[in-house]
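Right, one structure below, let's go through it.
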Amino acid sequence: MAVPVFSKVSVSFGLFVGLALLVGLVAGARFEELYQPGWAMDHFVYEGEVLKLKLDNYSGAGFGSKSKYMFGKVTIQIKLVEGDSAGTVTAFYMSSDGPNHNEFDFEFLGNTTGEPYLVQTNVYVNGVGNREQRLGLWFDPTTDFHSYSVLWNQRQVVFLVDETPIRVHTNLEHRGIPYPKDQPMGVYSSIWNADDWATQGGRIKTDWTHAPFVTSYRNFEIDACECPATMAAADNAKRCSSAGRERRYWWDEPTVSELSLHQNHQLKWVQAHHMIYDYCKDTARFPVMPAECEHHRH
C-alpha cells in the first residue's frame with residue numbers, strides 16, 4: 001500500500017503516547033482487513049468473527065498479511081487443536097523475504113491427548129536461526145482463545161502470551177552481534193504436518209483418523225508501521241523511526257525500550273517454571289556458547 005494509513009493506536013504494553021503524531025499505522029480486528037489466504041483456500045472456514053484452518057492428510061493451510069511492516073506489535077488470538085494433535089504444528093510468525101531474512105517464530109507443537117502443548121520460539125537474523133526455546137504453557141490452549149503477540153522495536157523483540165513476556169531478544173549491536181532492524185516483515189500463520197520432529201522428537205506420528213485438525217483464530221491486530229512495497233528497505237527503516245517532534249512512534253518511547261520491573265518478574269517466572277529447552281544451555285549442540293547468550297536476558 002503506497003499511501004500511509006493513519007489510525008488510532010491502542011494503548012498497550014503499559015504505554016500512553018499522549019498527542020504524538022502516529023504515521024503509517026494500521027489496526028484492525030477482521031481477518032480480511034489485514035490478511036489474505038496463502039494456500040489451500042478450501043481448508044479455510046469462516047464462522048462470523050472466527051477463522052478456522054484445517055489440516056487433513058491432503059493439505060494444511062496458511063495465510064499472510066497483505067502488507068509488510070517495520071516495528072510495532074502484532075497480535076492474534078488463537079485456540080489450538082483440541083484432543084489428539086500429535087504431529088501437527090500451528091505457526092504464527094513474522095518474516096522478511098530472501099535467503100538473509102529475519103524471522104520471529106511462535107510454533108505450537110501438538111501432542112497426544114492429555115499431554116501438554118509445547119510452544120517453541122525462534123529468532124532468525126540475516127538468515128541464521130538455531131535460537132530455539134521451548135516451554136509449556138500455564139493453561140490449556142485448546143479450550144479457549146489466548147493472545148499471542150510479537151513486539152518489535154529497535155531495542156528488543158518481545159514474545160508475549162496473554163501480555164506476559166515469555167522471551168526477549170535484545171539489540172546487542174554494540175557488542176558486534178547483528179540485530180533485525182532493517183527489513184520489513186510480513187505476518188503469517190499456518191497449520192501443517194510435521195510428525196517427523198514435532199512431537200517427542202518425531203516418535204509420535206500424526207493419527208489421520210482424528211483429522212481434520214482445526215486451529216481457530218480471531219481478533220487480528222497489527223499496530224505497526226506499514227511499509228510501501230515500492231520503497232527501499234533503508235527508506236522504510238528511516239520512515240518507521242521517530243524523528244524528533246515531527247514524528248513520534250509509541251514503539252520508540254523509553255517505556256518500551258526494555259521490560260518493566262513487573263514484566264521482568266513475569267519473564268523470570270516463566271523461565272523458572274515453564275522453560276523446557278533453551279539453546280543457550282545446550283552445550284552438546286553448541287560447545288561454544290553463542291555470543292548473544294552471554295548477554296541476553298531471553
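Backbone N, Cα and C atoms are what each Cβ position is placed from, and that goes for glycine too.
All TrEMBL annotations are machine predictions without curation.
Copied from TrEMBL, the annotated features are:
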| type | residues | note |
| --- | --- | --- |
| DOMAIN | 1-217 | domain 'GH16' |
| ACT_SITE | E103 | active site, nucleophile |
| ACT_SITE | E107 | active site, proton donor |
| CARBOHYD | N111 | N-linked glycosylation site |
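Sequence features, as recorded in TrEMBL, placed on the structure.
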residue	record	contacts (Cβ under 8 Å, 6+ apart)
E103	active site, nucleophile	Y93, M94, S95, S96, N122, V123, Y124, G129, M185
E107	active site, proton donor	V89, T90, A91, Y93, V119, Q120, T121, N122
N111	N-linked glycosylation site	S85, A86, Y117, L118, T199, I204
PLDDT averaged over every residue in the domain 'GH16' (1-217): 88
